[in-house]
Amino acid sequence: MARMAVLWRKMRDNFQSKEFREYVSSTHFWGPAFSWGLPLAAFKDMKASPEIISGRMTTALILYSAIFMRFAYRVQPRNLLLMACHCTNVMAQSVQASRYLLYYYGGGGAEAKARDPPATAAAATSPGSQPPKQAS
């Protein structure tokens with residue numbers, strides 16, 4: 001229990017230090033904090049249909065994050081929080097790109113169309129509709 005109290009005091013002292021306050025009020029903190037929206041949105045969209053994925057935008061986001069991942073590492077002082085954000089975004093967008101490729105070029109779209117009946121057949125068999133009259 002004494003170790004926990006010591007750890008708690010160290011954390012509290014660190015959070016109250018001038019260096020921590022300066023870090024939290026800098027762009028090295030807030031830039032990555034807001035940039036986490038990109039990978040979080042990509043992770044959220046992984047459950048959505050692959051029809052909504054834009055191949056061009058996904059490619060652009062992969063290249064953008066790869067370039068800025070290198071920038072975050074090379075800038076002085078190194079911004080490892082931003083680098084982690086861009087690394088996560090590259091991985092998330094790569095998953096989205098693979099879903100896009102499988103759907104449009106791997107036959108996933110054709111299978112989805114084969115499963116769904118055409119709209120005219122669905123309308124004809126909808127409840128409350130009358131069967132077509134036969135010619136006599």
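Yeah, the Cβs are placed from backbone N, Cα and C, and that goes for glycine too.
What Swiss-Prot lists as compositional bias 'Low complexity' is 117-136.
Sequence annotations record features per position, and here Swiss-Prot assigns region 'Disordered' to 111-136.
Residues or ranges marked as topological domain 'Mitochondrial matrix' by Swiss-Prot on the basis of a curator's inference: 2-19 (among others).
Among the features that Swiss-Prot reports, topological domain 'Mother cell cytoplasmic' is placed at 43-51, with the record citing a curator's inference. Residues of the same chain lying 6 or more positions beyond the ends of the topological domain 'Mother cell cytoplasmic' (43-51) and with a Cβ under 8 Å from any Cβ of it are 92, 95-96, 99-100, 102-104, 108-109.
Positions annotated as topological domain 'Mitochondrial matrix' by Swiss-Prot, on the basis of a curator's inference: 75-136 (among others).
Under 8 Å from some Cβ of the transmembrane segment (20-42) lie the Cβ atoms of residues 14, 61, 65, 77, 79, 81-82, 84-86, 88-89, 91-93, 95-96, all in the same chain and six or more residues away from its ends. According to Swiss-Prot, the transmembrane segment annotation covers 20-42 (among others).
If you look up Swiss-Prot, you'll see 52-74 (among others) marked as transmembrane segment.
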